[in-house]
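Undergrad: Before I ask anything, here is the structure I am working with.
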2 protein chains.
Amino acid sequence: MANIKVTIAYDGTNYHGFQEQRGTAFQTVQGVLEERLSRLAQREIRIIGAGRTDAGVHARGQVINFDTGGWPIPTPKIVYALNSLLPRDIAALEAEEVPDSFHSRFSAVAKTYRYVINNGKRHSPFLRLYSYHIPCLLDVEAMRAGARRLLGTNDFSAFRALGTPVKTTVRTVREIQVSREDELIYIDIQADGFLYHMARMISGTLIRVGQGKLSPEEVAGILASRNSLKGGPTAPARGLYLERIEYPG
Amino acid sequence: MANIKVTIAYDGTNYHGFQEQRGTAFQTVQGVLEERLSRLAQREIRIIGAGRTDAGVHARGQVINFDTGGWPIPTPKIVYALNSLLPRDIAALEAEEVPDSFHSRFSAVAKTYRYVINNGKRHSPFLRLYSYHIPCLLDVEAMRAGARRLLGTNDFSAFRALGTPVKTTVRTVREIQVSREDELIYIDIQADGFLYHMARMISGTLIRVGQGKLSPEEVAGILASRNSLKGGPTAPARGLYLERIEYPG
């Protein structure tokens, strides 16, 4: 018996999201991981994922954990063994043994999502599945000013699509950085947790600010409204990446 | 009547190469471009492409030309009009009117191909279609030394797969640069022309040098042998990009 934590990257294009939907034919990242890990273990393995990414959303630092049930694979060999079985659009990056109390979702203290915008004049064949193309030049300074209105502990109901019920819609956004690298714009959002579609609705709102359709001040008003009809629109899944999960210690 | 030159980028993953194969069901880049241009022109348009890229090979600077037959579309609008019809894995980058004598293939004086290697320890879900993954660290200095043996005017029969007959197997390689950027290695080859599979066989040979399986000196011997069984192996199509075509003036 050992509790193993594995960091995972995946191209979400061909998956119906991370979370397995038992009894459906949709291919999910969790479903593929469980199938391959079960093959390695020669018994059924169920995993817990830190973030439930949507269909088409990518990950560069998703974290999962699972109970090996006492398999004979030495921990340093797990990444290699798993990658030899995984399809090429999912990669195991690192694996380590963690205390039994570690739970990839409940132990997480912060998550970072990155939203990628291709702000070049022409669409790019190579970025079409990995970014949101907006040909008109965005005002990155205004986006930064808008982003600052979202920092801190707030009720983020305005940036939440209806989905699974949650105990509270209050979240703490620790940092939002908007940066430009040549034709790409990155929106990096770190928070203690994210509501359903929150990262994509914040991104959609900041894009409107960058387009001059919304002033940075109005972002504060949208947040205060707690009205999900005012936040957004929801930026497309293909631009979003689950970048990193933080744990204590 | 006007002769129009258009620069094109495409993700070659879903195409059976650039060149249209009349009477087959294979989708080609040329076939898609001709279909869309013909729709714009409301008459049949045939194009000439500068480089016949293979199935799975990408382009960031392919050049085509065609006779408009006197369509009414102003040249500055061609890129926009064409992109509105093209699938997202092909993009028109620029268009200009050129003299009737311009022929995208015969007028070209140099072509540059880039080969992209992912030399990171783990495979990347995001680069799987756009690079060749070699997890063991390659010796870039040795690859550079090997590349120098290929410069100049030579018979490149050792780096040619059998294909269309050619008048001569002599080509002039003007420049080969091998560079590393973090985990990526780029092999940039500029020549007056390329034989069938030449860029991929040169890349495959330099990769063997980088792996220590071949000394830089042996590259000169392979070139001198003019024996295609000695060059290569042919590196996979997914790492290759037609970067740029040079024209006089």
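Every residue number used here counts from 1 along the chain in the order it is shown.
Glycine is treated like the rest: Cβ placed from N, Cα and C.
All annotation found in TrEMBL is predicted automatically rather than curated by experts.
From TrEMBL, here are the annotated features:
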- A:Asp54: active site, nucleophile (ACT_SITE)
- A:Tyr113: substrate binding site (BINDING)
- A:8-106: domain 'Pseudouridine synthase I TruA alpha/beta' (DOMAIN)
- A:147-248: domain 'Pseudouridine synthase I TruA alpha/beta' (DOMAIN)
Undergrad: What mean pLDDT score does the domain 'Pseudouridine synthase I TruA alpha/beta' (A:8-106) have in the model?
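TA: When the pLDDT values over the domain 'Pseudouridine synthase I TruA alpha/beta' (A:8-106) are averaged, the result is 95.
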Undergrad: Under 8 Å Cβ to Cβ from A:Asp54 (active site, nucleophile), same chain, six or more residues apart: give me those in sequence order, or none if nothing qualifies.
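TA: The answer is A:Gly12, A:Gly17, A:His197, A:Ala237, A:Leu240.
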Undergrad: So if I measure Cβ to Cβ from the residue listed as 'substrate binding site' and keep only same-chain residues at least 6 apart in sequence, which ones fall under 8 Å?
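TA: The residue listed as 'substrate binding site' has long-range Cβ partners A:Asp188, A:Ile189, A:Phe194, A:Ala199, A:Leu240, A:Tyr241, A:Leu242, A:Glu243.
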Undergrad: Count the residues of the domain 'Pseudouridine synthase I TruA alpha/beta' (A:8-106) that DSSP assigns to helix (H, G, I), to strand (E, B) and to coil, and report the three numbers in that order.
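TA: DSSP classes over the domain 'Pseudouridine synthase I TruA alpha/beta' (A:8-106) add up to 27 helix, 25 strand, 47 coil.
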Undergrad: Per DSSP, the residue listed as 'substrate binding site' is which: helix, strand or coil?
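TA: It is in a strand.
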Undergrad: How many of the residues that make up the domain 'Pseudouridine synthase I TruA alpha/beta' (A:147-248) does DSSP mark as helix, as strand and as coil?
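TA: Per-class counts: 31 helix, 31 strand, 40 coil.
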